[in-house]
């Protein structure tokens with residue numbers, strides 16, 4: 001026996017779960033994903049989401065509503081007569097009529113150990129906070145922000161130099177396997193739900209551009225966590241001297257280093273940079289419009305000497 005599912009997701013993070021559920025033999029009655037977005041240099045092309053593209057490869061029915069608030073859209077959803085909805089990084093709020101519009105409810109794959117890091121950016125926030133462990137969770141959704149009871153958990157270690165991009169790729173695969181297991185248990189009537197703890201709640205606010213600049217006055221560990229937590233996107237950045245101008249450069253990889261100096265000062269030609277306490281060594285950088293390069297390759301073109309100040 002298999003379940004009739006509605007899948008709701010948008011970015012690449014969601015795609016492995018969609019493919020895994022389809023591969024497990026479940027009937028995917030519809031895909032909900034965000035509408036195509038303008039792309040290209042002039043924004044004249046419309047680009048379908050990664051989930052939309054995967055759904056078309058799987059020959060699945062796709063819907064791209066701007067909102068799920070209208071009675072008309074909610075009626076369409078109910079008429080799908082799905083057993084359950086699976087939601088992974090969809091990006092739209094689900095009204096009660098949608099949450100209650102299937103026989104068994106809506107189940108969300110969330111990239112944190114709830115109730116820590118409820119919200120939009122749990123992967124980035126966990127690394128930026130210096131967390132050493134995170135995890136994927138499947139929860140049954142309610143009307144709150146990631147407040148529903150927990151069905152399944154898989155813990156994942158965060159390495160000391162792991163970037164958000166690397167953790168994202170580990171978690172999207174873990175989340176796929178976890179959701180398949182949860183839906184199998186749901187199908188058998190064996191999925192147990194546990195309320196979230198009332199303590200330990202934190203919120204993973206969406207990353208905004210105003211917080212992406214590196215503050216070299218902070219301790220080295222905080223700077224390092226900031227760099228790797230924002231890598232590769234949107235990318236932490238600083239300004240470096242470029243002739244008589246300043247050049248904005250993204251910092252994609254770093255590691256903790258020894259040494260001291262004024263905050264932002266280059267303290268050796270291997271791109272160790274002094275922080276408020278300690279130092280970080282830059283390992284990978286990216287100029288505007290360029291490709292990511294190693295620190296050694298970057299230095300061949302820039303030659304940032306000792307005493308140079310980054311801001």
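Just so you know, glycine gets a Cβ as well, placed from its N, Cα and C.
In sequence order, 146, 147, 196, 197, 199, 200, 201, 202 are the residues of the chain that are 6 or more apart from residue 115 ((6S)-5,6,7,8-tetrahydrofolate binding site) and have a CB within less than 8 Å of its CB. Taken from Swiss-Prot, the feature (6S)-5,6,7,8-tetrahydrofolate binding site covers 112, 113, 114, 115, and the record attributes it to sequence analysis.
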Are there any residues in the same chain, six or more apart in sequence, whose C-beta is under 8 angstroms from the C-beta of residue 114 ((6S)-5,6,7,8-tetrahydrofolate binding site), and if so which?
-> 137, 139, 146, 150, 196
Starting from the (6S)-5,6,7,8-tetrahydrofolate site formed by 112, 113, 114, 115, give every other residue of that chain whose CB sits within 8 Å of the mean position of their CB atoms, in sequence order.
-> 110, 116, 117, 118, 122, 135, 137, 146, 196, 200
Given the binding-site residues 112, 113, which one is most crowded in terms of C-beta atoms within 10 angstroms?
-> 112
